[in-house]
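Chemist: Before I ask anything, let me first share the structure, which is written out below as structure tokens.
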Amino acid sequence: MATTPTEGDGEQSKWKQGGYKTLPFIMANEICDRFATAGFNANLITYLTQQLHMPLVEASNTLTNFGGTTSLTVVLGAFAADAFIGRFWSIVAGSLFYQLGMLGLVMSAVVPSLRPAPCPASTPAACPRASGGQLAVLYLSMLCACLGTGGIRPSVVAFGADQFDDDQHGAAAAAAWADRKRRYFNVYFFTMGSAALLALTLVVYIQDNVGWGWGFGIPAISMFVSIVVFLVAYPLYVRAKPGGSPFTRLLQVLVAAFRKRNAAVPEDTGMLYQDKELDALISTKGRLLHTDKLRFLDRAAIVTPGDVSESGGRPNPWRLSTVHRVEELKSIARMLPIWSAGIVLATAGSHNGSFTIMQARTMERHITGSLEIPPATLSIFTTGTTLVSIILYDRVFVPVARCVTGRPSGVTYFQRMGIGLTIAVFGVGAAALVETRRRGVAADHGLLDTPKAVVPMSVFWLVPQYAVHGVADAFASVGQMEFLYDQAPESMRSTAVALFWLCGSLGSYLSTVLVTVVQRATRRHGDWLQDNINRGRIDNYYWLITFIMLLNLGHYLCCFYFYTLKPLEVQADDEHKERDDDLHPEQKNNGIMESVNIA
């Protein structure tokens with residue numbers, strides 16, 4: 001259980017809060033929340049194109065912009081959680097906003113005046129477009145969902161990890177905590193995947209075969225249940241107090257370093273400013289130690305006349321920062337190049353919810369004579385493969401890798417991310433090959449100019465690309481989340497989790513840019529991305545993404561080679577020792593764990 005300062009009332013409260021007893025409530029909340037979110041998003045491309053009659057490219061860009069904006073609000077939510085309201089209340093507020101968004105979408109689907117009239121049977125091409133008012137209801141509902149996600153996503157992972165935070169010292173205890181943390185992240189992603197799998201089967205089937213009112217209504221009910229379950233366990237949670245705005249502290253370091261840009265950095269780093277009392281609230285697990293990288297930022301910790309108040313002895317934070325605060329900024333700066341590799345991964349996966357669904361809609365989808373698989377349900381193969389991969393990772397991969405590497409975790413999260421990024425390249429390549437075959441079959445049967453005709457090719461040809469993406473996610477996404485949480489400064493862990501979702505935001509926006517650029521560039525030369533996908537060349541677009549993914553893999557390997565793990569000072573047996581948060585035994589030297597270059 002954690003000993004971080006909490007909203008409880010004293011030591012007795014700290015002792016009772018946290019631990020495994022909170023996990024069922026947090027995971028039950030996450031299951032309901034993820035079920036609602038997956039049910040909301042899984043088939044939205046179909047709702048936009050068939051119910052609101054949007055063109056394919058416009059609908060695809062609407063979804064990617066929605067995904068991008070959603071992930072951008074995560075940064076705002078992380079800021080609020082870390083600086084002002086704490087993670088618990090951030091989750092509650094976000095859940096309420098998301099509930100409002102889902103209720104708005106239910107109204108859009110149920111009330112006839114909030115959606116356009118059906119397409120005329122005689123002239124199906126002349127479908128009436130949604131009016132400005134109808135789109136306003138849609139966009140307002142999506143905005144509430146964006147704000148809700150911004151409150152939930154950056155806080156729920158860190159909030160769960162807070163319940164098991166490190167409260168012991170020594171190598172054995174630290175290694176045990178690292179193992180619990182790794183397992184927690186695996187459980188978290190497994191829980192998300194299980195809920196999404198249920199939504200992709202049950203909710204999508206209801207949307208396609210029963211109606212959109214129930215299709216959106218069931219996720220809305222699930223969201224309400226998640227709020228109730230989460231609030232029930234209020235007295236049991238560790239609720240760490242916010243440590244002040246991390247963004248303000250980072251800005252203060254930059255301003256102080258700029259003001260002293262002409263000052264010489266001392267060779268003896270012991271002369272740089274330190275203040276344990278000032279850093280106490282943001283370094284409860286130990287202060288960050290000085291590193292030699294990005295030394296120009298060390299100027300912020302050089303003491304000059306006027307930096308410290310003569311009366312109170314407190315420094316002006318816009319003129320002088322502690323070494324710990326300087327190292328907070330350095331830690332974030334070191335993380336960003338590694339983090340950025342996830343942006344292209346998100347771009348590659350974003351089209352499984354748009355173009356691939358439109359491909360599936362043109363293919364033979366019958367399982368039996370009367371049972372037909374909904375196109376959006378194909379995502380279960382990504383989710384299912386991710387779940388199986390996570391189980392096999394813990395049960396098979398880690399024990400085998402441990403025998404080879406000697407690491408308790410089998411491989412580092414850096415290596416886990418690299419494996420995932422490599423696998424993802426093959427997933428996009430498989431998508432290109434399958435689309436080339438699908439177009440070929442359409443051409444062989446004279447269906448190039450009849451886009452709504454069923455191409456005599458099984459939809460299960462799309463399964464390999466979904467499955468490969470699932471395996472890639474089990475490695476890359478879980479590894480990236482663990483990396484961000486582990487290497488982020490203690491007081492910025494919600495912000496670090498926000499960076500994970502920000503990858504999705506920037507990946508979605510990059511997808512929108514690529515789609516727009518490709519459409520404009522190819523408009524006079526075959527138009528790769530057109531409403532008639534039989535005449536389009538989505539396969540060429542996938543090959544372009546494959547090439548970008550290869551460049552991204554090279555970028556990641558370079559960043560990985562030069563990355564330096566953060567060093568942390570902790571108390572152990574009444575002596576100061578240094579340890580690295582990655583907690584690898586081979587990095588220990590007579591009880592000292594130092595900053596290690598991954599190379």
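Heads up, the Cβ atoms here are built off N, Cα and C, so glycines get one too.
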Chemist: So which range, 44-62, 63-81, 272-290, gets flagged transmembrane segment in TrEMBL?
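Modeler: The range carrying the transmembrane segment annotation in TrEMBL is 63-81.
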Chemist: Kindly point out the range from 16-36, 163-183, 373-393 that TrEMBL annotates with transmembrane segment.
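Modeler: My reading of TrEMBL: the transmembrane segment range is 373-393.
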Chemist: Can you say which of 131-152, 212-237, 498-519 has the most Cβ pairs under 8 Å with the transmembrane segment (540-563)?
Modeler: 498-519
Chemist: Please give the sequence-distant neighbours of the transmembrane segment (454-478): residues at least 6 beyond its ends with Cβ less than 8 Å from one of its Cβ atoms.
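Modeler: Distant Cβ neighbours of the transmembrane segment (454-478) are 185-186, 189, 342, 345, 348-349, 352, 356, 359-360, 362-365, 373, 375, 378-379, 381-386, 388-390, 393, 416-417, 419-421, 423-424, 426-428, 430-431, 434, 437-438, 441-442, 445, 447, 500, 534.
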Chemist: Tally Cβ pairs under 8 Å between the transmembrane segment (88-111) and each listed stretch (63-81, 131-152, 373-393), then give the stretch with the top tally.
Modeler: 131-152
Chemist: Of the listed stretches 63-81, 212-237, 373-393, 498-519, which one has the most C-beta pairs under 8 A with the transmembrane segment (187-206)?
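Modeler: That would be 373-393.
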Chemist: Who are the chain neighbours of the transmembrane segment (131-152) in space, where the CB to CB distance is under 8 Å and they lie at least 6 residues beyond its ends?
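Modeler: Same-chain contacts beyond the ends: 33, 37, 40, 52, 66, 69-77, 80-81, 90-105, 107-108, 114-116, 501.
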